[in-house]
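Enquirer: My structure is below; once you've seen it, I'll send some questions.
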Amino acid sequence: MDADKNQQILGYFIEEAKEHLETLERGLLDLKTTLQDPEQVNELFRAAHSVKGGAAMLGFSSIQKTAHRLEDSFKVLKEQPVAVDQKLESLFLKGFDTLQELLESLQGPFGLREDEADKVVQKSDPVFQELQNYLNSLVGGGAPGGGGDGEAASGKMSEDAALAAIALLRQMLDLFRQAEDENNRQRLRTFCNQLAEMHSDLEGWQQLIAMADAAIARSENNYKTLAPVVIKEIKQATDLIALDKTDLVGPSPVLLDLAGKSVNPGVNLAENQAIIDLEPKAAAKILLKNLNKQQVTTLVKLLVKAVQSS
């Protein structure tokens, strides 16, 4: 896989991470209000979790560690009643600033230099330690992530599965960077088999991995096309499973197409019809590809009108 495709995968991560940063900043700037809505707290947790997973896959250990620390802190907010004060908000925002600084460096002309990243992480150590200690004091000295032994064991199993999946994705990403030969394709398919064994009871996951395997098996699909789709979709599915959103897991129309499968077996589309992904950005790309300028303008007006009247 060439440098352009490496940059494309990195670009996907950065684009997604920037969206998650916006979610984190929005929730932390008014943390007291955020905590009144459990779903908003879940959004903070999901944002940190997703950044952590993407960074782990791409080998950015400093970003992974920082996002993981925030994730652990948000887990306390999810599971324990906490009275928010200025000190807590300040500590969370300082932790957020560390993550933002690392991601901004990654986007810079020289990328994320390991020595500089290590300094940033070391500088943040006292902040995160103080945040953890303060959270413990606010919940009465209990350990973060309270709950029964069964809940803790379940969470540990989920985390272990996510880490194992990320490790396999990193190996797949390395293979996508190598020569496009039959041996490497077979190795990629072996990794798909290992991924399928992780969640044998989840139909959506099994369908996703089966389609990834089928897409890889087709020699007409080059690595430049396969890598961004396969890696991104399996990574997103891993996040969804870890966050107990298993009903959203499954192959996208793009992956189904690469696998040579009908988007929806038994359904024949007319010339003026298209099937779109429910993920907003993916849906937008499909619509922009299939609609002319006038149709896009009309659609935008209708959407704005619908939002204003809702």
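First residue shown is number 1, and so on along the chain.
Here the Cβ of each residue, glycine as well, is placed from N, Cα and C on the backbone.
It should be emphasised that the depicted structure is a prediction, and the values quoted were computed from it without experimental measurement.
Below are the features I grabbed from TrEMBL:
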type	residues	note
DOMAIN	2-106	domain 'HPt'
MOD_RES	H49	phosphohistidine
Enquirer: So how many of the residues in the domain 'HPt' (2-106) end up helix, strand or coil by DSSP?
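Expert: Looking at the domain 'HPt' (2-106) with DSSP, the answer is 92 helix, 0 strand, 13 coil.
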Enquirer: Taking the Cβ of H49 (phosphohistidine) as the centre, how many other Cβ atoms fall within a 10 Å radius?
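Expert: A count of 23.
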